[in-house]
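To start, the structure under review is shown below, and the notes come after it.
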Amino acid sequence: MALGRRASPCLLLPCFLILGSLSVQAVSPNYKEALAKSILFFQGQRSGMLPSAQQITWRSNSALSDGSTAGVNLTGGYYDAGDNVKFNFPMAFTTTMLSWSTLEYGKKMGPQQVKNARAAIRWATDYLLKCANASPNKLYVGVGDPNADHKCWERPEDMDTPRTVYSVSPSNPGSDVAGETAAALAAASMVFRTADRQYSGLLLKTAKKVMQFAVQYQGSYSDSLGTAACPFYCSYSGYKDELLWGATWLLRASNDVSYLNFIKSLGANDGADIFSWDNKYAGARVLLSRRALIEKDNSFQPYTQQAEDFMCRILPNSPSTTTSYTSGGLMFKQSESNLQYVTSITFLLTTYSKYMSSSAHTFNCGNVLITSRTLRNLAKQQASLNVDYILGENPMKMSFMVGFGADYPKRIHHRGSSIPSLAIHPQSIGCDAGFQPYFYTQNPNPNILIGAIVGGPNQNDFFSDDRTDYSHSEPATYINAAFVGPLAFFAGSSRT
């Protein structure tokens, strides 16, 4: 069919997706409910002494002596996923994304959810501050022997595995984990700027110190920590992206030109078609492009071009796309825990579309001209498809958020959720004792981890709801943290 100058609406988005979205559909998911539950989830991941206001009551105090083997207090923070280890690399990314979500979408979230988000952020930053300030010339980056922990199936309240403390230092550097920690503290400092100025100041001061450490002693924490980092959270993309990410957040938080000069000298020009706890290039470029699109600073235009190159690699049927989609319309990046990439990239789509609303410039995806209006609509459309898919608008008609919708995962790969709580079973359940009665059973988990988003379906839109299939059934903090922003975007927006 010959086309005139007016582009087909299906040029960058598959027609079945666009046309399906325009047809009569069931009522949209309750985004406000999903938003509240996505933040509540973090209470189920808490380590340390739980507060009296704890709402996920099947959890109890745990890991109250963390740090003692090193003579420091490292209690608090979050368990990363379904295990009982505190990995600071993904925890810091989780904190950065929760903070960015609150900064960008706080007005759409509403006062109560902003308050809840601040509480979730502070649970992490209180811990990260301890890690950064407990010892001179040392940054603590994790607690708990992951190799020993992953051989056990026990509640965090019963842990009897070594609570080994890991750190980076001038002789054993970790620019990636330090850069991400600096980003988390800097982003959080902006969240607390009006709510708690003293705390905000401490966060920013510590962020600057940690960033200086990351720059002065360059190296990968994967090399320094060895099997404590790999294969669990290896820094596959290297550490240059975290240096870019940390400096970008410190530039926004402090407006100190020295960070801009560092960014320019870094030469971090690698192309990206993913955004995750490991690879931060796309996120940094979208954040830097804010200065061009909203603040009208043309010197940041190169970062806008890089952000748009990323968008062209994501949008379906773009001539330069490198992204696959399932037949049900879900973005598919990796076979393991795909929803972590879906939520993170969806955050960038909604956020960049938000920035684009202040701009009228155009750019090209290959030979296809994209106007700001086109990209804004396409980004919002694709983000909407991903959000709704996760919340139940998919071929299986299953929500991938626990406790949301009529049907959701019941057998998630999560120790605390799958084993009866202390209130029900006060006797200790040791390392090996949890496998046969609780891990291998086909019974649903006794404790509902409300708001948890699992790894998600496979490339055929199928989800087995199998506890032993961790790559699809395990929730993680960084999946939820990135989803808070898109949920707030739609909870506070008209869908037209």
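In case you wondered, yes, glycine gets a Cβ from its N, Cα and C as well.
Predicted, not measured: the structure shown is a model, and the values here were computed from it.
Database features (TrEMBL):
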{"type": "SIGNAL", "residues": "1-26", "note": "signal peptide"}
{"type": "DOMAIN", "residues": "31-486", "note": "domain 'Glycoside hydrolase family 9'"}
{"type": "ACT_SITE", "residues": "HIS413", "note": "active site"}
{"type": "ACT_SITE", "residues": "ASP465", "note": "active site"}
{"type": "ACT_SITE", "residues": "GLU474", "note": "active site"}
Between HIS413 (active site) and GLU474 (active site): CA-CA distance (Å): 5
Find, among the active-site residues listed as ASP465, GLU474, the one whose Cβ has the highest number of other Cβ atoms within 10 Å in the structure shown. GLU474
HIS413 (active site), Cβ-centred 10 Å count of other Cβ atoms over all protein chains shown, is 25
Expressed in Å to no decimal places, the gap between the Cα atoms of HIS413 (active site) and ASP465 (active site) is 9
Within the domain 'Glycoside hydrolase family 9' (31-486), what mean pLDDT does the predicted structure show? 95
